[in-house]
Structure formats: C-alpha cells, structure tokens
C-alpha cells in the first residue's frame, strides 16, 4: 500500500494469481474450484489473486506455492540468456509481481535473479529507444517486455524524440495535436 | 497525472535551452546605444568597438537585429573541440566540456553561425562528440547498480535526456534489490522444497531455498 494506493499498475499487479492451498475445510466455498454447494476441502489447489492470498497467508489460513513464472525453468532461462525470455507473456507485470513475492516469501535467490535480469535487459531497451520508431517497430524483443520495461521504453523513446526535435528546431513550432490529426485522416 | 509523460518527467529540451540563455557572453556592438534598463539588470551603454558582457538571450536578440557581433566562447572552436574529441575517444571518462555546451552551441550556431569561425566544422565535431558521449552513457547503464551511477562531466542537456530513463530504471532496480524489513525473521514460508511443484511438506512451515 502506501504510495501505491492510487497506482493502477500496482492494482493490476496485485491481480496476478498465486497457487495456494487452504489449511482447513472452508464451508460453502466449493465454487472457488467450480463445484457449487460443496465445501472446499483442505489442501485443494486453487489459484487466488495476490491481494487475497497475501492476507490469508499472513494469517496462516493458506500455504503458498511459487507461481510458474518464478519457477525453476524460468530462473534457468533468465540466468542463461535474460534478453531472450519473453517476460510479457509469462506475466505482464513480471517485476512488480516479483517484488511483491520477494517481500512476502523468503527466497534467497529470487531478488538477485530478477535484478540481474533487469540490468541485463536495460541496455538493449535503451538501444531500441535510440533507433526504432515506436509504432512501426516489429522487433521481437520489444514484444517480450513486461509493463515496467514498456514504460521505461516509452519514457526513453519520448526523451530521444524530444531531443531530435529540438536538434532540428521543431520544438518551438506549434503543431496540430496528434489526436486531431488522427481523426482527420480516418 | 493529466500532463504528458514528457513534462511530468522533467524539463523539455526547449526549457533547458531557455535556462541556458542566462549564461553571459561577450558581444561587440555595431551601433551606439544607451543603457538598456531591464528587469534583471541594466546593460550598456554600448559604444562600438568596446566589448560587453551580456546574457545570451540579449546577445541573440541584438544579433537578430544586426546590432552586434557575438564573440563565441573559447571552447566553441575547431582546435579546442578536436582535442576534446580525441580525449573523449581515447579515455574512459567524459571529457570536461562546459556544463551547458550543447544548449549554448546550438543557440549560437543557429542564429549567429556567421560569427563562429568554421561553423560547419564545429557542427560536425559537436555531433561526433555527442555520439561518443552517448555511447559512453549507454555503457554506464550496463554498470548500473542500486547504489550509485558514476558519470561525471555530463552536460545539462545530456543529463536531461537520459534522466527520465535512468531514474526510472534506478527506482525499479532499488525496489528489486530491497530486502524485506524482517529478512532474518521469515514472514511467510512457501510450502514446497522444490519450487514450482505442488508437493506439500508436513507442516508447510519449512522452506529451504534449495537452489
């Protein structure tokens, strides 16, 4: 919570599902696994959104399991070649979700793996901000970014564009707003 | 939130240039003029060939009206820039150009190019310098860590260009490296010895980072 209270991305990151197991039978909650009018048996594997799982876990109602996107395979992939992992398809809020998991669960390796992957991918993101145009770009790497990285990419791209415009003296002129131009051409 | 991201993240290049126009520069007036009483000070009286120190914006205005010649700063010079370019390409660090070299040179070359000797050559050299320095900034990004980034001698405009990207990357990295407050006291345990597998251990409280 705190400064993330109004942050839409934080809210979306908390929607990610965590596999969890109830430690007790929960009367009348069978609908969570699709059976109406049945009690939810203890030790059933169900996926709960993070915001729910966090509090249930802290109060010892459920046990957690690491989601697949932070499991062995992905870790090995990230160690081997961080730039060729498609984070966007694993989980669109990979890093944000990862940070939440790090803070909830004790895992000695995960913070370093995430941070190293992030650092390794940074220069490549920066390269793309320098070279390609935002809309016409069809590079595979750009599609493999997660939301945090996409935001970074857009930020970098905008400042590079602004610099280029300044260099060519376009910044001081008044243009048609982009929204209007799009409407006219359609 | 309603502002465009570019404005939220810092200054636009035009704003940076506006700030840089307060730098003083030497001009040689071409006409006799009385004292100019302006809000931030009075300049003059101008008597032709006596040199004067005025802010850049005033120099540019006078230049546009053909009322003065601008004496370019000593670093806006082919020989000087060439040595700097050599330093830049041979050394690891950024060479110590003036903090606002990009803005000032841009303004001068744009509006008073006839006062800068060998203006085209200067332009090319500045462009080369900028490219070398950009490549260095990129290399600095690879060495990023959650504590500090060391890039001395970057100019205001260069800083302003990479600031949004770097600060954002830096903040994200800090979040990733941040240890939970009770690191020694596990707040919660996962139930699997083998990550990603749905086996439960006996009491669900023992978690060993088995990797």
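Backbone N, Cα and C atoms are what each Cβ position is placed from, and that goes for glycine too.
According to TrEMBL, the domain 'DNA replication complex GINS protein PSF2 N-terminal' annotation covers B:12-70.
Taken from TrEMBL, the feature domain 'GINS subunit' applies to B:75-169. For the domain 'GINS subunit' (B:75-169), the mean pLDDT of the prediction comes to 87.
Look at TrEMBL and you will find B:177-211 tagged as region 'Disordered'.
Residues or ranges marked as compositional bias 'Polar residues' in TrEMBL: B:184-211.
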Per-state residue totals over the domain 'GINS subunit' (B:75-169) - DSSP helix, strand, coil: 65 helix, 0 strand, 30 coil
